[in-house]
Amino acid sequence: MIKAANLKKLFIEKFSQNPLIVRSPGRVNLIGEHTDYNEGLVLPAAINKNVYLAIAKNNTDKVRLYAIDLSDSFETTVDAIKKTDKLWPDYILGVIEQLQLNNYAINEGFDIAFSGDIPQGAGLSSSAALECATAFALSTLFEFHISKLDIALLSQAAENQFVGVNCGLMDQFASVFGKEQHLVKLDCADYSYEYIPFKTSDIKILLLDTQVKHSLASSAYNERREQCEEGVRLISRHHPSVTSLRHATEEMLLKYVKPVDEIVYRRCSYVVAEIARLQLACEDLKKDDFKAFGQRMFETHEGLEKQYEVSCKELDLLVQLVKGNQYVLGARMMGGGFGGCTINLVKADKAEEVAQQVAAAYKEQTGIEIPYYIAEINSGTSIVDLTQASYGQV
Ligand code: GAF
């Protein structure tokens, strides 16, 4: 990762143009996992790890992309946007395609160079951050004035249709709508949202990175989504008003889904419980009851491990290692699953100590050395004004 000022210098050296620079953050999610594509609620926050993207028109029809941290380039033209055989350009090209499909006229070429410090494959949404940075940068460069919600939706559509992962809206929404010292309570049924204050002076958000990413992650993710849709189909034959798991109840699942398909039942049962759990967790937050909130995080992990089956032995071990630790209020796997980070709520003055202890125990049991991050809550996608110390908002 290079500093924004160096990104500008490097861009000018490479492309001989003065670029616009944007920043888009990664995210954590406190609770509400695998609920977004079921019209449920989620509770993410943008974090102080970002993608920085520099962009300028180039007076040709070429689209030239440069991934600084990978020392890799890709080139195409504005009228020939299609999937590549490497993944990283697809996050950018997918957004260009979505803009074109939505009649935003991109008919002049441009150059992009980007860098960032969001760890790859750690479940912190580096791909959503790159998509949102691209959408916002293009909207600004071509003066499309696209709304924040549409930036998030276009970025999600790029991931769904171009990259091929049927994700929900949480990651892109958190990246664009993040607010310092606040969680975003997003209702994925109608995209209404509320900011909930979360000061990290007493409690720190500690991310422990398993350093594993199992290869079945995206196919298993799409499969889970289909299983949820199957559960809804089974219920809606009897209750046509149930169009998503948001409207389903455990009773309906027991009656109409369990007798037909036990696995589909388990998946849906987790989601229905998780949507209710998030509501209760928000009540805990209102009362500053982090102990109760943390317990719910452990419950979420159990559901994701046993019912939804998207955890893995490394994630389970990291959760196991903090259970019973007096300084850890709650912990669970975070994001899509099958690797990446666990999220832990830890007493602020003990966060470093806990991280080091757990990392040492994990190394002893797996032989793997793991990084950890103490996340601060950050603002969402913005233009980087190099003359100012702080970032301007979207
Ligand atoms: C991934 C997806 F991109 C999100 O949309 C969400 O479903 C999450 O997994 C699970 O909660 O991050």
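FYI, residue positions are counted from 1 along the chain as it appears here.
Glycine is treated like the rest: Cβ placed from N, Cα and C.
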Among Tyr195, Tyr221, Tyr256, Tyr265 - the residue TrEMBL places in the same substrate site as Glu33, His34, Thr35, Asp36: Tyr221
Model confidence over the domain 'Galactokinase N-terminal' (10-57) (mean pLDDT, whole number): 97
Contacting binding-site residues for ligand 1, chosen from Ala122, Leu124, Ser126, Ser127 when the Cβ sits under 6 angstroms of any of its atoms: none
Neighbour-count leader, CB within 10 A, binding-site residues: Glu33, Asp36: Glu33
Per-residue Cβ crowding (10 Å cut-off), top of binding-site residues Thr35, Ser125, Ser126, Ser127: Ser125
